[in-house]
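Features of the protein shown, as given by TrEMBL:
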- 11, 18, 30, 78, 87, 88, 89, 96, 97: ATP binding site (BINDING)
- 11, 32, 33, 34, 35, 36, 71, 100, 114, 115, 116, 117, 118, 119: substrate binding site (BINDING)
- 30, 78: divalent metal cation binding site (BINDING)
- 57-77: transmembrane segment (TRANSMEM)
- 71: active site, proton acceptor (ACT_SITE)
- 98-119: transmembrane segment (TRANSMEM)
């Protein structure tokens with residue numbers, strides 16, 4: 001039996017629904033994603049005051065979104081590893097550690113970019 005896939009707007013609609021389902025699942029199941037979502041929601045309005053240019057504003061918002069993207073990928077990695085089995089394996093631990101490190105670096109990028117823009121606009 002051949003399955004026909006949606007095309008055009010229907011495909012976009014279904015893809016958007018799946019994306020929202022994934023975001024909702026991460027928000028419900030992952031405390032770190034919830035914390036980072038709230039942090040982004042609080043910091044995003046501040047970006048309008050902090051930024052002096054459209055480019056600065058874009059960088060501030062992009063770094064917040066980067067953290068959320070990294071957390072979603074980390075959650076996906078953890079889900080796949082947990083699905084593969086409950087016994088400890090060095091590669092499973094490595095995969096989880098690397099996903100966590102990616103989130104850490106994304107948070108570091110937020111600190112550097114936000115700190116740099118605040119320094120340039122208010123402290124220099």
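Residue numbering: from 1, along the chain as shown.
Cβ coordinates are placed from backbone N, Cα and C, and glycine is handled just like the others.
Annotations in TrEMBL come from automatic prediction, not curation.
Features recorded in TrEMBL, as mapped to the structure shown.
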residue: 11; record: ATP binding site; contacts (Cβ under 8 Å, 6+ apart): 5
residue: 30; record: ATP binding site; contacts (Cβ under 8 Å, 6+ apart): 71, 75
residue: 33; record: substrate binding site; contacts (Cβ under 8 Å, 6+ apart): 26, 27, 68, 71, 72, 75
residue: 35; record: substrate binding site; contacts (Cβ under 8 Å, 6+ apart): none
residue: 78; record: divalent metal cation binding site; contacts (Cβ under 8 Å, 6+ apart): 96, 99
residue: 87; record: ATP binding site; contacts (Cβ under 8 Å, 6+ apart): none
residue: 89; record: ATP binding site; contacts (Cβ under 8 Å, 6+ apart): none
residue: 114; record: substrate binding site; contacts (Cβ under 8 Å, 6+ apart): 43, 50, 60, 63
residue: 116; record: substrate binding site; contacts (Cβ under 8 Å, 6+ apart): none
residue: 118; record: substrate binding site; contacts (Cβ under 8 Å, 6+ apart): 50
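Proximity of distant same-chain residues to the transmembrane segment (57-77), defined by a Cβ-Cβ separation under 8 Å and at least 6 residues beyond the stretch ends, is recorded for 22-23, 26, 29-30, 32-33, 36-37, 39-40, 43-44, 47-48, 50-51, 95-96, 98-100, 102-103, 105-107, 109-110, 113-114, 117. The most densely surrounded of the binding-site residues 71, 97, judged by C-beta neighbours within 10 angstroms, is 71.
Overall, the recorded substrate-binding residues 11, 32, 33, 34, 35, 36, 71, 100, 114, 115, 116, 117, 118, 119 cover a maximum inter-Cα distance of 44 Å.
Reduced to three states, the DSSP call for residue 35 (substrate binding site) is helix. Secondary structure at residue 89 (ATP binding site), as computed by DSSP, is coil.
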